[in-house]
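Enquirer: For reference, the structure I am asking about is given below.
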Amino acid sequence: MSLVDLGKKLLEAARAGQDDEVRILMANGAPFTTDWLGTSPLHLAAQYGHYSTTEVLLRAGVSRDARTKVDRTPLHMAASEGHASIVEVLLKHGADVNAKDMLKMTALHWATEHNHQEVVELLIKYGADVHTQSKFCKTAFDISIDNGNEDLAEILQIAMQNQINTNPESPDTVTIHAATPQFIIGPGGVVNLTGLVSSENSSKATDETGVSAVQFGNSSTSVLATLAALAEASAPLSNSSETPVVATEEVVTAESVDGAIQQVVSSGGQQVITIVTDGIQLGNLHSIPTSGIGQPIIVTMPDGQQVLTVPATDIAEETVISEEPPAKRQCIEIIENRVESAEIEEREALQKQLDEANREAQKYRQQLLKKEQEAEAYRQKLEAMTRLQTNKEAV
């Protein structure tokens, strides 16, 4: 038997789940070939739910992430068909949980599409990225909403929130890094805050421009406590313009202040708080107490990520402007354009159908009129013949 025939028989045995036949064929040198769609024996075993056959093939060294001609892996097959046990054994053997097919859909997308809740939970457990978007800009959560599956939607929503909380680099989370240079533009020119603050001690320093900076030490409380402490500490700074500028250091106690480095800068008629701590997230910031603040405070993030203004008599709430990623915005625009084009085409098609119906109706009216004229002529002939017959009888 040729190698080609052995390869074909191996595919058939894997499809049928014949473990012994698979072992015999591999022992006889059957190659791991694919069919015309690029489907390997492992694809077939995973697709048709043959757990033991899948294990035999994996132990024999069949590629766990083999791709078909549409880039589907065995994990895609098993997840799409809802074979949770096969999904798990593939993942345990190191299958790529976030592999994408030609539609940029992962196993999680396919499991959600076919409402396989057990498989969805298993994929999330093994680290599937719930934020991944398909070619149609759909996450697994979007698909569950489209399918009306509330249970899956809830599971995926919780998973999305958990991944955001454990991933500080999530696009919806504001994170500030200490490596970003800090500059304040004041009446005296541009001031580099990095040079104003010592790297070790909590201190207050002043430069020649009259801009003062306060740096606080480390702690483990929330950013809200940080800004509250900074607000209280800023009260004496509001009168800094009335006192002579000195180059001495003044230690400030801030045990409740969070983060590695916090800076308060007073310049002109306002105070600027710049948070330069590495890894601080402002997701839990709601309001800042304003007692003791005599002038506005501006909290500035690096690169202009966020600006929070606290008037002296108001309580400011965090405002986070979250823009869609450029790729998603482009996808949304493409979808909107497609919808608009589809509506225009539909209107044009309806108008064509209406025009065609009007033409048909006009044609039928003309035919009816012609028939009526023929009927009238025939009736007149009958009347003439009747009169003629009557006259003959009278004679």
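Just so you know, glycine gets a Cβ as well, placed from its N, Cα and C.
Not my notes, these are from Swiss-Prot:
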type	residues	note
MOD_RES	SER2	N-acetylserine
REPEAT	5-34	repeat 'ANK 1'
REPEAT	37-66	repeat 'ANK 2'
MOD_RES	LYS69	N6-acetyllysine
REPEAT	70-99	repeat 'ANK 3'
REPEAT	103-132	repeat 'ANK 4'
REPEAT	136-166	repeat 'ANK 5'
REGION	258-327	region 'Transcription activation and HCFC1 interaction'
MOD_RES	LYS352	N6-acetyllysine
MOD_RES	LYS381	N6-acetyllysine
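Tell me what's around each of these sites.
Expert: Within the same chain, no residue at least 6 positions away in sequence has its Cβ under 8 Å from that of SER2 (N-acetylserine).
Tertiary proximity for the repeat 'ANK 1' (5-34) is limited to same-chain residues at least six positions away from its ends with a CB under 8 Å from its CB atoms, namely 40-45, 48-50, 52-53, 56-57, 60, 62-63, 66, 68.
Within its own chain, the repeat 'ANK 2' (37-66) is flanked in space by residues 10-11, 13-19, 22-23, 26, 72-75, 77-78, 81, 83, 85-86, 89-90, 93-96, 99, which lie at least six positions past its ends and keep a Cβ under 8 Å from the stretch.
Cβ environment of LYS69 (N6-acetyllysine): LEU37, GLY38 lie under 8 Å away, each six or more residues apart in the same chain.
Outside the repeat 'ANK 3' (70-99) by six or more residues, the chain places 37-38, 40, 42-43, 45-51, 54-55, 58, 64, 105-108, 110-111, 113-114, 116, 118-119, 122-123, 126-129, 132 with a CB less than 8 A from a CB of the stretch.
Helix, strand and coil counts from DSSP across the repeat 'ANK 4' (103-132) read 16 helix, 0 strand, 14 coil.
With DSSP classes pooled into helix, strand and coil, the tally for the repeat 'ANK 5' (136-166) is 25 helix, 0 strand, 6 coil.
Per-residue confidence over the region 'Transcription activation and HCFC1 interaction' (258-327) averages 45 (mean pLDDT, predicted model).
When secondary structure is read from DSSP and collapsed to three states, LYS352 (N6-acetyllysine) falls in the helix class. Summarising the environment of LYS352 (N6-acetyllysine), the number of other Cβ atoms within 10 Å of its Cβ, over all protein chains shown, is 10.
Contacts of LYS381 (N6-acetyllysine) defined by a Cβ separation under 8 A and a same-chain sequence distance of 6+ are given as none.
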Enquirer: Within the repeat 'ANK 1' (5-34), count helix residues (DSSP H, G, I), strand residues (E, B) and coil residues, in that order.
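Expert: Helix, strand and coil residues of the repeat 'ANK 1' (5-34) number 21 helix, 0 strand, 9 coil.
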Enquirer: With DSSP, how much of the repeat 'ANK 2' (37-66) is helix, how much strand and how much coil, in residues?
Expert: 17 helix, 0 strand, 13 coil
Enquirer: For the repeat 'ANK 3' (70-99), give the DSSP counts of helix residues, strand residues and coil residues.
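Expert: Computed counts for the repeat 'ANK 3' (70-99) are 17 helix, 0 strand, 13 coil.
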